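I have placed the structure first, in the form of structure tokens, so that the comments after it can refer back to it.
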Amino acid sequence: MQWFSRLVSTQGPLRLLHSVAGFKMALPNVVFVLGGPGAGKGTQCQNIVQQFGYVHLSAGDLLREERRKEGSEVGALIESHIKAGSIVPVEITCGLLENAMKENMKSDRYDFLIDGFPRNKDNLDGWNRQMGGKANLQFVLFFDCSEEVCVERCLHRGAAGSGRSDDNPDSLKRRIVTYNESTRPIIEHYDASSMVKKIDASGSPDQVFAEVKKLFTKS
């Protein structure tokens, strides 16, 4: 243990603690990914994962996975909210996101794309309460796309067998209203702090990713 005594004498106990255990205390780096339904968030997140090594966490996918778990106490509640196009309680969503990040951090994966969150002020407040000080928010990646293009993409996705119960005209109408009334103000909130990086998402996936790459290369 002589090596340990020498480190204590040269660095001091507090600095030694951070030197030895600092990797365990590292915070996850987070990019929020926002945009309307069908704006291409999932597709571009997968491109970012492949080229830049981020972990993609879709709030929607985590919720859908949880509602399919046998015996889940919140599965039925999640299902009812998704079918109605409304927002799932923030405590559930934050808990799923935090657990997913912790699991990945066990494998030294600390860079995360959080797709489709926060969607409203309640989400934002819940994130700040539960994750404030626990994550480094790098920026908000906003995929901007017209409603017409978003609806067309979602309907095509549903017709192709996406398996999503909300890829239908009635659910899409509700989701777009929810997005305009609840999520747009969150984007504006972050934009006021110069934290939003806006991408025109109306082009092809390759065209959109060409612009995305510029942002991540600079960041």
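Glycine residues also receive a Cβ, built from the backbone N, Cα and C atoms like all the rest.
Now, the feature entries from TrEMBL:
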- Gly38, Ala39, Gly40, Lys41, Gly42, Thr43, Arg157, Gly203: ATP binding site (BINDING)
- Arg64, Ser86, Ile87, Val88, Gly116, Phe117, Pro118, Arg119, Arg164, Arg175: ribonucleoside 5'-phosphate binding site (BINDING)
- Asn123: CMP binding site (BINDING)
- 58-88: region 'NMPbind' (REGION)
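By the criterion of other Cβ atoms within 10 Å of the residue's own Cβ, the least surrounded of the binding-site residues Gly38, Pro118 is Gly38. In the structure as shown, the Cβ atom of Arg64 (ribonucleoside 5'-phosphate binding site) sits within 10 Å of 18 other Cβ atoms.
The binding-site residues near Gly42 (ATP binding site), taking a 10 angstroms Cα-Cα threshold over the set Arg64, Ile87, Gly116, Pro118, Asn123, are Gly116.
Spanning the residues Gly38, Ala39, Gly40, Lys41, Gly42, Thr43, Arg157, Gly203 that the record associates with binding ATP, the maximal Cα-Cα distance equals 17 Å. Around Gly42 (ATP binding site), taking its Cβ as the centre, 17 other Cβ atoms fall within 10 Å, counting all chains. Looking only at other Cβ atoms within 10 Å, the busiest spot among the binding-site residues Ala39, Ile87 turns out to be Ala39.
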